[in-house]
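Student: For reference, the structure I am asking about is given below.
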Amino acid sequence: TQPGESWWICDCIKAICIEDNIIQVVPVICNPPPKPTCTNGLSPVQVIDEDGCCWHWECDCYCTGWGDPHYMTFDGLYYSYQGNCTYVLVEEIHKKVDNFGVYIDNYHCDTRDVVSCPRTLIVRHETQEVRMATVKPNTLQVEVTVNKQAVALPYKKFGLSIYESGINRVVEIPELKMNVTYNGLSFSIRMPYSLFGNNTHGQCGTCNNNTADDCMLPNGNIAENCETMADHWQVVDPSKPQCSPGLIPTKAPSTTPRQPCKESSICELLLGSLFEPCHGFVQPEKYYAACVFDSCVLPNLDLECSSLQIYAATCADQSVCIDWRSHTNGVCSYKCPSDKEYRACGPIKEITCKSSQQNETSTKQVEGCFCPNGTMLYDSGVDVCVKTCGCVGVDKIPREFGEKFTVDCQDCICVEGGNGIVCEPHECAEQNKASCDGEGFYEVNEVNSEDSCCPIVTCKCNTSLCTSKAPKCTLGFEVHSHIPSGQCCPVYQCVPKRVCVHQNAEFLPNSSVFVDKCQNCFCTNEVNISTQLNIISCEHIPCNTYCEPGYERQPVKGECCGRCVQTKCVIHTSENSDLILSPGEFKNDPYNNCTIYSCVNIHNQLISSTSEITCPAFNEESCKPGTITFLPNGCCRTCAPLDSPTPCSVRQRKDFIVYKGCHSVDRIVMTECEGTCGTSSLYSAEANSMDHSCSCCRESRTTVREVELKCPTGHSVSHKYIYVESCSCQDTECSSSQTSELQSTEENDKASTLNRIKRAISLTAK
């Protein structure tokens, strides 16, 4: 060691080499430095010197923002700024830390786009970017992401840690001895002067304990006010295309309301006795001005609470804790989960089962939700309050050491040491597995009330799995189904509905059935054994069957009882009696043979006629006695001749019968008709012409007889011949010179009928 060199031995004792192995031991004597005054109004902090023995005072860089928003720079300069872009809060002037900076993303929290509020606080450090974003505007709900990935707290990686401290989310970089706090309504940035003094710029200003240069622009010039300066610290944000660095900044609205308004009574708390214990540490006037501004410009958002909250937090940072929320009549109340309780003065880092042995000497406190007295937080990453430090699993239920439990179908035990909880798969007792082979059955795991981890396998029936379908039944039948015992799928069959069926319609028993309008029908309860349908019983509608003489009842289409139709002629005689004649029939008047009635059917029309016989002049004196007689017509008289001609009769004769060379052996009795018949010619007044009547003597009844004939060849043959039994005079046609060959069919029919009448009234006999 050369003379003059020195080195530290221990406990702030320095050894100095004098010469010739002479060493001087000099203890370091520290004289307390004078306490400076920090321009930001906060208390200075003690900082250990580089030798590790003595210390000196420094004013930490402490920047805050709250409300819509209001800023307090590192050096304590207060201003308000309502831009709605993303801005630089802190960056180094001379870059010493790689990719380091703190940024704020503001948005218009008023529909009039007058004021803005913080939405996201961004912290960049080397390879990591932390975003603390407000989940719901104007609330204390904050979501944390690292490199755009959500993370659970506490988080610690690459020299950066994030944790909860009361109502706040804190990003801490131990290497830089700095932290950033955000709760959705306000933020604070604390940085050591020893590392960042005179080397910061941005909306938080320059940390040098001098407010004169806090409104520094990016080019190093000083703006006339910080509202103008704040506009120049925009950064590129793809989500906000309307924002672009370098645009001409717009003049920010005045922080003083244009129209006087009555400030909220909550703001008065800042100047009252409630916060008086802190007035000596942190001046309240600037916070009061911000509170009045928020209550006047945005009276419905309760933003004035943020001024009280940031002031109380700054007081707590100076070790002055004030329970203020209970004095706001519920306007600024804070609700905690059911298992936590609110405290205005709680530890910055809550004691847990994992950290209970650590000695926390910090006097600083924060507000937030903490475990009730008699309990403690199990771990910073496990938000469960426990009475005893045992185990807490994924179910968030505290367990004591040695306690056995089942969770997620794992049999677990809480043990001290290691991971705390040791689990193994839950074992299920064997069960008789049901067979589900039948159609429609399928296996189902049902919850076991005795052991929820071991489901009971049962067979369930699902009829949609059945292949058999219900048949389509004919009318009068319906589908019935039943499920046989032990089966799933139904068995179908068509069964009678006990109804009648007629013309594709069903009828209930005792209901009327329309068959046709001529019958009254109804459905009976009787069943046809062959068809299994009920029988339809019908009765014909009662009809009047009487018809007048000469009429007959005949069926008529569309009528039930038919109709009386004339089938015979009805003739009224001179004696007021009725004579009924069929078509083609004629009769003499019962009381007068000289009157003849007739009936003809011409084209389905019945025509009756009456004929009167006109007799020729007759003189009885011209007849010989006993010769007066009636003509064949029974009406006219005449003289009968004495030599009466032979009447028409059968005459017999015997003779051989010869037929085709064969002849009878003996003479055979054969008969023939012979005699005279009446023939007449007289004038008819009705026809206005001569009427002729002719008759012949002809056979009226014959029989067929057989006789044996002998042939020349010697053989015999049987031969039939006609034998006349009786003869009579029969009408025949008389040729007429006046008959027209062109007479129509209708005239021929009439002539034929008239001829029959004329023959009946022949006046003379041949």
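For all residues, glycine too, the Cβ spot is worked out from N, Cα and C.
Keep in mind that what you see is a predicted model, and the values were worked out from it rather than measured.
Okay, so TrEMBL annotates it like this:
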DOMAIN    61-244  domain 'VWFD'
DOMAIN    391-460  domain 'VWFC'
DOMAIN    498-565  domain 'VWFC'
DOMAIN    648-735  domain 'CTCK'
DISULFID  Cys662-Cys711  disulfide bond
DISULFID  Cys673-Cys727  disulfide bond
DISULFID  Cys677-Cys729  disulfide bond
Student: Sort the disulfide-bonded residues Cys662, Cys711, Cys729 by C-alpha distance from Cys673 (disulfide bond) and give me just the closest.
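Tutor: For Cys673 (disulfide bond), the closest Cα among Cys662, Cys711, Cys729 is found at Cys729.
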Student: Tell me which of the disulfide-bonded residues Cys662, Cys729 sits in the most Cβ-dense spot, judged by other Cβ atoms within 10 Å.
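Tutor: The residue with the densest Cβ neighbourhood is Cys729.
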Student: List only the single closest residue to Cys677 (disulfide bond), chosen from the disulfide-bonded residues Cys662, Cys711, Cys727 by CA-CA distance.
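Tutor: Its closest listed neighbour, by Cα, is Cys727.
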Student: Mind telling me which of the disulfide-bonded residues Cys673, Cys677, Cys711, Cys727 has the densest Cβ neighbourhood, counting other Cβ atoms within 10 Å?
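Tutor: Counting Cβ neighbours within 10 Å, the top one is Cys727.
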Student: Write down the Cα-Cα distance for Cys662 (disulfide bond) and Cys727 (disulfide bond), rounded and given in Å.
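Tutor: For Cys727 (disulfide bond) versus Cys662 (disulfide bond), the Cα atoms are 29 Å apart.
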Student: Tell me the Cα distance separating Cys662 (disulfide bond) from Cys729 (disulfide bond), rounded to the nearest angstrom.
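Tutor: If we compare the Cα positions of Cys729 (disulfide bond) and Cys662 (disulfide bond), the gap is 35 Å.
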Student: Averaged over the domain 'VWFC' (498-565), what pLDDT does the prediction give?
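Tutor: Across the domain 'VWFC' (498-565), the average pLDDT comes out at 90.
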